Amino acid sequence: MISTAQSKTLLGLGASELERWAVSQGQSAFRGRQLHDWLYAKGACDLQDITVLPKAWRASLQDKGVIIGRLKEQDRKVAGDATTKLLLGTDDGETLETVGIPTDQRLTVCVSSQVGCPMACRFCATGKGGLQRSLYTHEIVAQVLSVREVMERRPSHVVFMGMGEPLLNIEAVLDAIRCLNDDLGIGQRRITVSTVGVPRTLPRLAELAMERLGRAQFTLAVSLHAPNQSLREELIPTAHAYPYDALLDDCRHYLAITGRRVSFEYILLGGLNDHPAHAEELADRVGGFQSHVNLIAYNPIEEEEFQRPTRDRIEGFRRVLESRGVAVSLRASRGLDQDAACGQLRRSRQK
């Protein structure tokens, strides 16, 4: 159920919740089912657009301040590869970015979980502006609906890899996953939650997911970005509070609770963490997990002078991991020409 602070917002509620809510408003459960259809299938943005509802009831809801909870598009950038970045505004005046990443076979939506981010990873633009607040469930779901509306395609995949640290907003993220799965028909196995790691939260995520979702079939992607603690602290300031071994232990705990393997992410920074010796060290760390490692070539941001690795360095790093029996892939940098790639999202319109 939505929080008290958002009790007049309908987006994020499931079919049975909308039925109960309609009855509580003196209407039939059928009106709740109509609302569900218009919120999720038809993508209504305003209650006054739902003309199948009685006009008097719509007016009454408007007087009470009841809203759907959609976000307002403030800017749009379309890259040469058709990746689309949206700057969206919230009801309280905050802004966030979300990205639609299309291929012939799928449409992936990269959603934000917070306005800004407190983790301050040196290679990421989002953390440069700090954290304003966490997003509500409806604000996460609304991002997917905005991308669907703009790109005129049904999203097939959702990745929590936009602005913010999802594990600092666990309850809203899990409620959003429930809504995306049940109400928008996006399978859990097509949803990925990415985290840089927050102490003591992975076991809690596992337990809450089992409790709220009945199962935890979404993919958990843990961002390592370094093969050892000292280099990780250099790149991720908050890592000093979360020793590497403790993070990996929590990954094992997550696997034990959910039965789902953890995948790992590693951003390659030219001349800093992309040496074959780093790959060997990383293989030592993650080899026992039988997990997948996703390599990401650094995407430039204005505030830092990190270098994108050469193709030879990337392939060399990959070959070392593969020679050690580690499953590995390289993520394509989509939307790079419009600052829509991994690590480039911000809270405000960019010139």
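We count from 1, first residue shown onward.
For all residues, glycine too, the Cβ spot is worked out from N, Cα and C.
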Further S-adenosyl-L-methionine ligand in Swiss-Prot, beside GLY164, GLU165, SER223, LEU224, HIS225, ASN299, within candidate set SER146, SER156, SER194, SER323: SER194
Could you state the CA-to-CA distance between CYS124 ([4Fe-4S] cluster binding site) and ASN299 (S-adenosyl-L-methionine binding site) to the nearest Å? 9
Out of GLU97, GLU165, which of these recorded positions shows the lowest number of other CB atoms within 10 Å of its CB? GLU165
Residues satisfying Cβ distance under 8 Å from CYS110 (disulfide bond), sequence separation of at least 6: THR98, VAL99, GLY100, ILE101, VAL159, MET161, GLY162
Quick one: Cα separation, CYS117 ([4Fe-4S] cluster binding site) versus GLY164 (S-adenosyl-L-methionine binding site), in Å? 4
Just how spread out is the S-adenosyl-L-methionine site if you go by the largest Cα to Cα distance in Å among GLY164, GLU165, SER194, SER223, LEU224, HIS225, ASN299? 19
How many neighbouring Cβ atoms, not counting its own, are there within 10 Å of the Cβ of CYS121 ([4Fe-4S] cluster binding site)? 21
I'd like the number of other C-beta atoms within 10 A of the C-beta of HIS225 (S-adenosyl-L-methionine binding site), please. 25
